[in-house]
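**Student:** Sending over a structure as structure tokens; questions will come in a sec.
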Amino acid sequence: RFIAKPCALGLKVQANGPQKAQPNAILEKVFTAITKHPDEKRLEGLSKQLDWDVRSIQRWFRQRRNQEKPSTLTKFCESMWRFTFYLYIFTYGVRFLKKAPWLWNTRQCWNGYPYQPLMPDLHYYYIVELSFYWSLMFSQFIDIKRKDFGIMFTHHIVTVTLITFSYVTNLTRVGTLTLCLHDAADVVLEAAKMANYCKCQKLSDLLFLTFAIVFIVSRLGIYPLWILNTTLFELYEALGNFPALWVFNVLLVILQILHWFWSYLIIKAAYKAISKGKVAKDDRSDIESSSDEEETGPRSKTPHSTITTNGTSGANGTNGYLTGGTCSEEH
């Protein structure tokens, strides 16, 4: 409110939201009381009742759904908040870990376990990260429900469970490595989103491609070779078999499966960015669009408009981390 919004206005980020649908009591009643996505039969009934063609009614419902979506200004402020947090916590994690002996020798994570002291810096790191991911999990229910809501909710559940479980069982040393590794890509992602909202397309594309490289290297390379290697093999060699080991590793493997899924989406978007010269839209955008977006007024039914209606299959949403182009993760 006091920092991000003035910055957004200074960068000339648009404060207005999506185009509002024209007032219509009948359509508004259907939208609020019956359905936000009318089927073909209901569309035909409304078309006869209002003397509008079906395509105009579809457009009204699309605009009405988009009307509830946040403006670019709101999304910029949210991204700036997350960028600030990720940059701070990643910097804190790097400063903390560069003094830790287990950064370069992961076997140090298990020396003296479970009688390892909980240092104040480590405790602070854990509590701040845990509180942030709790906030993400709760805010997901009041934010826009994207197409990957289930996957993101699963990620938040796994993350909160991992942080809590590793804290309770004192597996905090390897936990700090995992947290710092995951925060690296998020900093670049939020910066790319802000550049996109500011309409700095070239900078946004460059940052997104940088994010894709950092994400894939850290999540598909360093994570399994560094984190999973020490929890699956070095931990077993050092301490033998115990129940917490298997619970911890199952959660870490689930996280790796999510990494593979998101990497697939990111590689698709990066390929389009390279082949077409800019980041293309993907399936996660929170603003619905179609080729007839510029047509705003209703049209009376005519034989010509009926033909046009038959060629309309409805509005499909696109939903991405960047409007106009990047893949998820707000993880």
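Glycine is no exception: its Cβ is also placed from the backbone N, Cα and C atoms.
Because TrEMBL annotations are produced automatically, they should be read as predictions rather than curated entries.
Annotation source TrEMBL lists domain 'Homeobox' at 27-71. The domain 'TLC' annotation in TrEMBL covers 74-275. Residues or ranges marked as transmembrane segment by TrEMBL: 124-142, 206-226, 246-267. What TrEMBL lists as region 'Disordered' is 285-331. Here TrEMBL flags 308-320 as compositional bias 'Low complexity'.
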**Student:** Tally the residues of the domain 'Homeobox' (27-71) by DSSP class, grouping H, G and I as helix, E and B as strand, and everything else as coil.
**Tutor:** 32 helix, 0 strand, 13 coil
**Student:** Averaging the per-residue pLDDT over the domain 'TLC' (74-275), what integer do you get?
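**Tutor:** 92, rounded to a whole number.
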